[in-house]
């Protein structure tokens, strides 16, 4: 007969039962079990388990706490001891407090930022069903991925894909000029950001309507839906304005069909009003064309739709219409697009999330450095507290109690630091918000308090763990005898900790320096033309109709060097085509050319150099049938002797000139093919070159002239070089932030070093005194004391240099044009670190070296 | 005598006494079930045994390992002189009082 009683019940019994009773009880239970088993195995098991449960009563439960003690009293005692030791070793206390609280403040700030980043665009009610149409463009060598698609996509998707509940095409508010529309009510003009959206826009996104219903607001082409804030600006109220008239750009009247709550700040799309996309199709025919990329399309899927299955079907939507197309669309969660936006060859590689990760890691390291301070200082003080530990152990305290005591001490420390950190955060939050360009606030909600509590506990435990286990492990006999044998081992670990701190500090410092150099390099890089002193503004109102007169007048103003109009902002990607035909073009060539439709003199205004041939000129006729390429285009087209050749792009065009390559995108990218065509009247920007030194005069003159010529519109200009820098906003931000964080890291490391130096100097006072009596000089003693620390910092530098070289190289690979890493970057940072370390230690050692030996030795 | 026994305690003590030195948990349980027709859990028997042992009415010793108990030894209980005295005392007392019941016929 093979009968096994239930294992779990038996385990449970063994866990709780007194050992002296266990054998008897177990034996009896098994005997009974085997008895019953013959009748019914199931019942036997059940009975066995039930009996075990019945044994769970005080008579049989073993004593778990063998030392019954008064926990509350012990706790109070521990706190008292902690306070006393804080008071007694004030130096170490303040070093820990400053270090930990500044580290925790960094962590909190980064937590606030990360939390904010993670919540961007997540507020939409249908978030989990809200998608954006993206497209992979399959070129010969690479796949490009874009958020841009074609206007008709919205309708096509509604027709062909039954899983879609809503779809809307959008001309988004970041398009050129959309941020500066003029809306007027009576005499009042307000500048506002707008977008053109499909009629189901408010069914897709949760921008709550105060007036109007989501189905109705955009049914008419003359409808305008405005934000609460804009309504107050225009009408001073949000009530009773439905159906009222707003004049758009001083031209066309629109009727208010709805009012929505102002867009939350954690939305990645910011706008003040929307109008109908149907209307925009009438103005710009190209947005209703499958051949051009531009509009965004958003969809809401019906509940329960599987996106990957949907995408399989969806990928062929364009190819079914145009078999030769290289475009395959796919859906992507709208709220994911903010953090995960970077694609490389059709594969998602990251985006802003990289910065989120980067700073989380930096925060972690800073906290670690501060914890390390705590550890190394506590173990260094072990000798001071070893007597206390010895006595406690002799009196009968267990190791567990001692561990608890030191852990509670470090948690208490972390708690104080957290309070300080909150004060620091409250103090520095405005500055931090400005750097990260967010409106962060300290709202004491559950999530924040809970996170703060978790971080505090974690910090306390992390910082206290090593000292707690180390100190509690000391042997009472040797500590009371005054011998501290464990010291050599702890010394090694302490050295390791310092090396670790400085390694991280050095890496951070090198990174900051490299980022700074690269950004300076990028900003000072000759981009191919002189971008200084060029302003640009939108073509609006009267200017649109009388461009020529306007430009002629502007050129005459004092301080203006030249002026022209362009359809391309000369910054970033605006409009590109792949349909240009030339002699010898491979049939499947899909080279994209960025196209700038410009007026006469644009090339001259910007100062772009002509390499061959000539620029557009009024002295020649039929200039609109001419074209100018950059060097990169000629290379891509593989043309020999290009001047005079004919290409086909919106009709036959003759190549009349070649300009030198200039950067119109950020230096992350290589210069791409670019061409100029002459198309007066189609410009949307005016560029004006101003004489250096006469900026104020020229700008005042321009403003007066603009306002008289274009009444009702604001003269809202930007400097080209400033806009160009916006390319590097992310890098700038990283540079600024990492500068501060590196500063804090080195500060905290030095605090730790300072603490250790003070401590060592104190410990060796007698040695120093005797050395002095025997004739050692001050410099000799300083050297003796700093030797150890120098060694540690040198080791840290040796470890950090290759690591930081690797990190810097990886980061620089993001740029097509980048600085070379010079050896002196590393030497510079290394010497700086060493210098800072010496200064920190030197002060203490000098003090120690100056003591009078008699003072110190007279007690013996 | 200041000690007194509950009904169940008394029963267990009697059984231990009756089995001489062969009484152990399971045997006591079975005897209870057969003779007294009482349904009890083994844990209840152990509780009483421990109590009796603590009071000094029984003492125990381990037997040799038995195969039907998964190799565990039995623990045998024996009534002590003190326990026997208690029983004697208790029965003498009861007997004495019982005898005083008049011989009345309840016809």
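Note that Cβ sites are derived from N, Cα and C of the backbone, with glycine treated the same way.
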Residues flagged as transmembrane segment in TrEMBL, choosing from A:283-307, A:308-332, A:333-357, A:358-382: A:358-382
Annotated transmembrane segment segment (source TrEMBL; candidates A:219-241, A:242-264, A:449-471): A:449-471
Which listed span TrEMBL calls transmembrane segment, if the choices are A:192-216, A:492-516, A:517-541, A:542-566: A:492-516
Residue numbers, six or more beyond the limits of the transmembrane segment (A:492-516), whose CB comes under 8 Å of its CB atoms: 362, 365, 368-369, 372-373, 375-376, 379-380, 466, 731, 734-735, 738-739, 741-742, 745-746, 748-749, 752-753, 756, 788-789, 792-793, 795-797, 799-801, 803-805, 807-808, 811-812, 819, 821, 825-826, 828-830, 832-833, 837
The domain 'ABC3 transporter permease C-terminal' (A:361-465): DSSP-derived helix, strand, coil residue counts: 92 helix, 0 strand, 13 coil
Folded-back contacts onto the transmembrane segment (A:740-761), same chain, C-beta under 8 angstroms, at least six residues removed: 91-92, 95, 98-99, 102-103, 106, 362, 365-366, 369-370, 372-373, 376-377, 380-381, 494, 498, 501-502, 504-505, 508-509, 511-512, 768, 785, 788-789, 833, 836-837, 840-841, 843-845, 847-848
